[in-house]
Amino acid sequence: MKTFKIGGVHPSENKFSAASPIRLAGLPKQAVFSLYQHIGAPAKPVVAKGDEVKVGMMLAEADGFVSVPVHSSVSGKVSKIDAIVDASGYRRPAIFVDVEGDEWVETIDRTPDLVTLAQRPELTAEDIVNTVKAAGIVGMGGATFPCHVKLTPPKGTKAECVIINAVECEPYLTADHRLLLEKPDEILVGVDLIMKAVGVDKGYIGIENNKPDAIALLTEKAKAYPHIEVVPLQVKYPQGGEKQLIAAVTGREVPAPPALPINVGAVVQNVGTVFAIYEAVMKNKPLFERVITVTGKEVQNPSNLLARIGTPMNQLIEECGGLPENTGKVIGGGPMMGKALMNLDVPVCKGSSGLLLMSERESRRAEPQPCIRCAKCVSACPMGLEPYLLATASALRNWELAEDNDITSCIECGSCQFTCPSTRPMLDNIRMGKTTVMALIRARNTK
């Protein structure tokens, strides 16, 4: 069975919510929409205090090519535009909407009827890309890169295949797994749409073999789509990384930055993104809700919730039984790549894949010890880097050394920290170093 060759680890899966069907989260009393829900230029408000809005109405427009609009997930009245502290700890501008009812714009098709590409022969590649941008769709696996940019390969490059990331290798998270089981037909149509948009005739859906139910279901459904192949993969973290998934499925290696997957002919999209593309193109529905996993060993009712963008995280926790008394930390995302939330009032954003509630014992970090030069982090690194060196260079603020040793190639998967017997805060240091080095490179290139 296929997998990537370099590095990788096997953390405990803890998929407590895998058998929990997707259920609707309740509407918030007030929804908060950050203008920084994607990589690139933030969205620019097109509403003002006092404006009435409906579900699906644009609140902020894209401000450039690498940017997407933000749409309202609720109906009500704009109460203010003010700064919030987002899930990453940054102060960002946001639009606040006081919720009144649940009135949708009339153009959204809310019927459950499946619409296939054969029923829409008039659709062109340009139509699909433009609709994806207008709907505000971003990569929903966590990276939040504007989707239409990926569907517009740079000059001099050519897509040869589409790869759907259905791996969901991050422990605890099960939102993508549930989408595969509950929306397989829509996902296959979504793959068809992406393939038409980038002009390829081969698509792959990579699924790790710890999801045999999803593999069996998609394989059966894909018989009607001979150009789409379901590829079972060995379980190994971080197989959901773009470069690792491309290597596992096709055997091709993406070179170091600034090379991109398109440089080896691949366009990669997450399962949640594929479903959002289907809804945008076939149902005229912008991206204003997503499936998010709320889980943890002490959570009363681990769940996969279809939550409206802008809903406060604490409301989702309450819907799953409330905050356990011994909670020590709440992670936005999973335990390997997620970040601790500074407060639970932060809103659900387009990239919110999960909420992990950890007990005080689980979240307690051991006192870091000196590096013992065991090289476990080197063996674990899926990018073939030397994490111990990058972490030390970053801690010492030796940016030149960090850059010379390819810190910008780090995918921040946390495999190094997971294996470190000295419990060094390697990922924290490397993240800080990578951010700084990338800023220095940008400054150097603009001179």
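From the backbone N, Cα and C atoms, a Cβ is placed for every residue, glycine too.
What TrEMBL records for the [4Fe-4S] cluster 1 site is CYS371, CYS374, CYS377, and among CYS410, CYS413, CYS420 the residue it adds there is CYS420.
When the binding-site residues CYS371, CYS377, CYS420 are ranked by how far their Cα is from the Cα of CYS410 ([4Fe-4S] cluster 2 binding site), CYS377 comes first.
Around CYS416 ([4Fe-4S] cluster 2 binding site), the same-chain residues six or more apart in sequence whose CB sits under 8 Å from its CB are CYS377, ALA380, CYS381, PRO387, TYR388, ALA391, MET426, LEU427, ILE430, listed in sequence order. Around the Cβ of CYS410 ([4Fe-4S] cluster 2 binding site), a 10 Å sphere holds 22 further Cβ atoms from the protein chains shown. The two recorded residues, CYS420 ([4Fe-4S] cluster 1 binding site) and CYS413 ([4Fe-4S] cluster 2 binding site), show a Cα separation of 14 Å.
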